[in-house]
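What follows is one structure encoded as structure tokens, with my remarks underneath.
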Amino acid sequence: QLLGNQDHIKVELEKMKKTYDLQQQKLEERVLTMGKELREAKRAIRDTQHKLAEQSAVLLTSQSQLQEVEAENSQLQLRLKELTEQYRSRLTRYLGDLAEYMDSKSSNLKEPSKGPANHAHMKRFVDSMLKDIKASHRSREEQLAGAARGYKKRMRNLVKKHENLLIAYRMQREQIQALGSSDMDSGPAEFHFSITDPELVTNTTQELNRLREDKAKLEVQLHELQEKVAAGLLALQGQKLDEESWAEVKKQLQEFAHTTQEDLERERSQLLTRAIVAEEQVSELQEYIDKHLAR
């Protein structure tokens, strides 16, 4: 019966061969298409990276130019303030001299028979005018000082809110890390979101940033240590460690991690408390200085 069905088997084999060749051809075409798409995607990625590098270079250049322009602008503003003060003092002196000259000339022109005359009309007028000018300047300076104090106060409030957000972010990261799930990413350390502007960072904030940086480094070291311990525990498991020894090792590791975390949290809470108290004291002192010692 098998010998009698050889022709049918050959036909089926030919059909299977044609089907296989057709599928192979389709797969090859698909591989070629995907290779072409992959090359185009790589080319697009290279172009994008090149554009990003160019934009980064332009951004760095613009930032350096902006810093230079800001420094030059500050110097020019300081020079303008000095020239304005010099011009104001000269104008005051010239007006005073002009008033005295005009009063002296008017007194010389008076006839002695007319009796004593008031010789200080121009002087009084100039003094009154200068007094009004000084009062307007003083009022403007007080307005600018008040605006500057309000701006500083708003910036301090923003810095405090930012610190509160960092604290909430840290607590959220610790809650995620406490779950122990490898699928959930706890995100970068809070040190990466710290304020680095020297105009906004106080000594206390600098110390907190340094502590956050140290904490981030310790977290990295702890993660590496945990990976090494996990590898060692896997090796120990490979040696068929008994259940009691395995439980003892896990207990010791948990106690060590718990104790270390408690110490770090206690020290961190103490430092944060000291930092908050110091910031409140600095804020009160700054407000007292702005209100009572500004003049």
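A Cβ is built for glycine as well, from the same backbone N, Cα and C atoms used for every other residue.
The model shown is predicted, which means the values in this text are computed figures rather than measured ones.
Feature annotation from TrEMBL assigns coiled coil to 10-86 (among others).
Mean per-residue pLDDT, taken over the coiled coil (201-228), amounts to 75. The coiled coil annotation in TrEMBL covers 201-228 (among others).
Note on the coiled coil (201-228): residues 159, 163, 166, 189-192, 194-195, 264, 268, 271-272, 275, 278-279, 282 of its chain, located 6 or more positions outside it, place their CB under 8 angstroms from a CB of the stretch.
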